[in-house]
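Q: Pasting the feature list from TrEMBL:
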BINDING   LYS6, TYR7, GLY8, GLY9, THR172, ASP173, TYR178, ARG183, LYS208, VAL209  ATP binding site
BINDING   THR46, GLU73  substrate binding site
DOMAIN    262-342  domain 'ACT'
Amino acid sequence: MLIVQKYGGTSVGTLERIDEVAKRVISAKKKGNDLVVIVSAMSGETNKLIEWAEYFSKNPNDREMDVLLSAGERITSALLAIALSGKGFEAVAFSGRQAGMITDEFHTKAKIEFINPVAIKNALKEGKIVVIAGFQGISKNGDVTTLGRGGSDLSAVAIAGALNADLCEIYTDVDGVYTTDPRIEPKARKLDKISYDEMLELASLGAKVLQNRSVELAKKLNINLVTRSSFNNNEGTLIIGETKMEGAIVSGIALDRNQARVTVRNVDDKPGVAAKIFKILSQKEINVDMIIQNTGKDGIANISFTVPQNELDKAIDALNGLGENFSIESDSEIVKVSIVGVGMKSHSGIASKAFETLAQSNINMQMISTSEIRISMIVEAKYGELAVRILHDAYELDK
Ligand code: ADP
Ligand code: ASP
Ligand code: MG
């Protein structure tokens, strides 16, 4: 079998951990498999590099940020290859560029355009274990790019696709995908399997156990994806096309802490004004999420929406740049709590149960949005974890 394994930050967080990972890789290799291993930076490393850059500039250049951030993954890839060689197994470390990972030029959130896996395949043919720095690639004009936070998952899935691998294993610090973040709700239950669609919703709504774009790509390429722990040998969670979980209406709860709310007041209540606001935000590549507009009074309306916290300053600058008579308020002390489940399509009363549950604990919802398979609510940040726990209880997800 050709197996792609990905080890996240905590899995390679210390030299001892890298040694443990080397042993795990070797044990798979000894079973006769070909191994391609994608690694993240040591845990905390990427954040540390960002802080270092911010020491010098509030708004550092994205191109230089990519040169900086890609270094974290390169360090672990080299160390793991050296560890493997030290144990008598031939290994070669590749940066994103050396692995043939070609992206567009959108620095700090580049998209993969294609992978040219010749070097990987040649090394495999020579019997080597290939270790690749995740989270990075190279643009067509030769600049280093990174794929957005959590992007090593995407590197792994994309490489599994390019190599037509039999299996893609994502190793992390929990046993798999749970009904909610087990660090928030210890009663959370590990799922043996989950559908791509539900996983994609959970990941997009803040469950960072898998990066959302990696799930999207896994679905598109129909990759055999498993997430499991690198700290034990427990079975993980299989992410598959469809699960036949009769009766399971809600499959999980997600918490997204990276949200901020913007309210634009004093907006003329006439056609074209909202278009103008959201056009400038999209031109600046700001990801707008929930939007509500209050019905106008005296020809004046208010529009509120959410953006990722790290894009808040950029959003406010963009709106101020419009030169309109808006008054702009923002609030970063909010979180988004979401309930996800494909079974919700055919059941009523799911939303009202969520609203009642929050009301009983006196938690106010500032914004609500729904789709066929999810309900999202914006609440004050200090109530986020409590909301997750009481909703987990209300839908009996521990059962
Ligand atoms: P890695 O560094 O291995 O990529 P991450 O920190 O990105 O790991 O993702 C793993 C973390 O995701 C877990 O430690 C857990 O706290 C969090 N998490 C959030 N939601 C879930 C969930 N539904 N199931 C499992 N883990 C979750
Ligand atoms: N090191 C990067 C991050 O922290 C990528 C990853 O770990 O997947 O976001
Ligand atoms: Mg991750």
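A Cβ is built for glycine as well, from the same backbone N, Cα and C atoms used for every other residue.
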Q: Would you work out the biggest C-alpha to C-alpha distance among LYS6, TYR7, GLY8, GLY9, THR172, ASP173, TYR178, ARG183, LYS208, VAL209, the residues that bind ATP according to the record, and give it in angstrom as a whole number?
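A: This binding site's residues have a maximal Cα-Cα distance of 22 Å.
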Q: Across the domain 'ACT' (262-342), what is the average pLDDT of the model, as a whole number?
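A: Its mean pLDDT is 92.
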Q: Could you check which of the binding-site residues LYS6, GLY8, THR46, GLU73, TYR178 have their CB within less than 6 A of ligand 3?
A: GLY8
Q: Which whole-number value in Å describes the distance between the Cα atoms of GLU73 (substrate binding site) and GLY8 (ATP binding site)?
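A: Pair distance, Cα basis, whole Å: 10 Å.
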Q: Is any of LYS6, THR46, GLU73 (binding-site residues) within Cβ reach of ligand 1, i.e. under 6 A, and which?
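A: Result: none.
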Q: Return the residues near LYS208 (ATP binding site), defined as same-chain residues 6+ apart in sequence whose C-beta is under 8 angstroms from its C-beta, sorted by sequence, else 'none'.
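A: The answer is GLY150.
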Q: Just to be sure I understand, if DSSP states are collapsed into helix, strand and coil, how many residues of the domain 'ACT' (262-342) fall in each?
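A: The breakdown for the domain 'ACT' (262-342) reads 24 helix, 37 strand, 20 coil.
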Q: Would you mind listing, in sequence order, the residues at least six apart from THR46 (substrate binding site) in the same chain with a Cβ closer than 8 Å to its Cβ?
A: GLY9, LEU69, GLY72, PHE135, ARG149
Q: Tell me which of the binding-site residues LYS6, GLY8, THR172, TYR178 sits in the most Cβ-dense spot, judged by other Cβ atoms within 10 Å.
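A: That would be LYS6, with the highest Cβ count within 10 Å.
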Q: Tell me whether TYR178 (ATP binding site) sits in a helix, a strand or coil according to DSSP.
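A: SS state of TYR178 (ATP binding site) = strand.
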Q: Filter the candidate list LYS6, THR46, THR172, TYR178, LYS208 of binding-site residues, keeping only entries whose CB is under 6 Å from an atom of ligand 2.
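A: Near ligand 2, sequence order: THR46.
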Q: Ten-angstrom check, please: count other Cβ atoms within 10 Å of the Cβ of GLU73 (substrate binding site), all chains counted.
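A: Its Cβ shell of radius 10 Å holds 29 other Cβ atoms.
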Q: Through the lens of DSSP with three states only, how would you label GLY8 (ATP binding site)?
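A: Note: GLY8 (ATP binding site) is coil by DSSP, not helix or strand.
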